[in-house]
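To keep things clear, I will list the structure first and then write my remarks on it.
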Amino acid sequence: MRRKRKKHRLLSITCFLFSVLLVTTLVTNQLPQKLINAISNQELEGGRQKQTLELLDGLQSSNATLVQLDNDTPIESKDGDHRVYPASLTKIMTLLVALEEINDFQATTKIAPYTIEYIQKMNASVAGFQAHEEVRVLDLLYGLQLASGAECALTISEYVAGTEEHFVDKMNAKAKKLQLENTHFTNCTGLDDPNQYTSANDIAKLLRYALNNQDFRFIFTSYVYQSTPSDAHPKGILISSTLSQKLQDMQIGNETILGGKTGTTDNAGLCLASLLRVKNQEYVLVTLGAPYTNDDTYGNVMDAISVVNRL
């Protein structure tokens, strides 16, 4: 009798386990494959997110955005939509609009005396061109990108649109077309203005778009340029990138930081929009608002190097 009960109990357990296995199999087979993959990859994705969140940790910059350029994949953002002063990162848009509007880069135009007077009054950065100097348009484009020359930006704006105001209208139209929702321009130089603002995410989106323009990419990744001789400069001007100067000061090569646009004002702090190459992958990194003092002007570059070392 006991033997029969034991056998019956064993049979019941076996049937129960078989039923559970059958139901599990049926339910699993009915689940969408996408959901099955999501469940199986949940732990892996959690690990990846934890890893990427470390890329922008501890930066001096208050705002930052990192994007993988090859597949246009956002990797991480730190207060990326917060509106801030753009400083000379403004000139990324200035250069892009100029390149799209100008047909003849060999044409020449003159530097207006009032332009030099204005930038001296505002203590803006310059490439070194003088009042009344006749300059090739191409030289002005390199001057505004590499040296962040305000005289180049203002002269280009008037050459393209007649006035800086009309040129800025084109900049804002481009920003709207690119859906830069946290960006507005009032000037082409990047001088502080309460109504001139941008965000790390917007600058990253702008730079990703601009790098598709081969002329823009070539200028953006240049570190030195010799301007055409003129009456004011018979040997031309050797124009060096503000970024390359900082890298040289820090004894760092440009193998990973392929190019970039720096920007600095009292309100904006130290800013940098850069193109990186790490392990055969290209990235756009934008950092804004690193502390700026007379004793410390390298925080933006140090942040870029920190990210490079973590990628």
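All residue numbers here begin at 1 and follow the chain in the order shown.
Glycine is treated like the rest: Cβ placed from N, Cα and C.
Annotated in TrEMBL:
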DOMAIN    59-291  domain 'Peptidase S11 D-alanyl-D-alanine carboxypeptidase A N-terminal'
ACT_SITE  Ser88  active site, acyl-ester intermediate
ACT_SITE  Lys91  active site, proton acceptor
ACT_SITE  Ser148  active site
BINDING   Lys261  substrate binding site
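Averaged over the domain 'Peptidase S11 D-alanyl-D-alanine carboxypeptidase A N-terminal' (59-291), the predicted model has a pLDDT of 97.
In the three-state DSSP assignment, the secondary structure recorded for Ser148 (active site) is coil.
Around the Cβ of Ser148 (active site), 27 further Cβ atoms fall within 10 Å across all displayed protein chains.
DSSP assigns the residue listed as 'active site, proton acceptor' to a helix in the three-state reduction.
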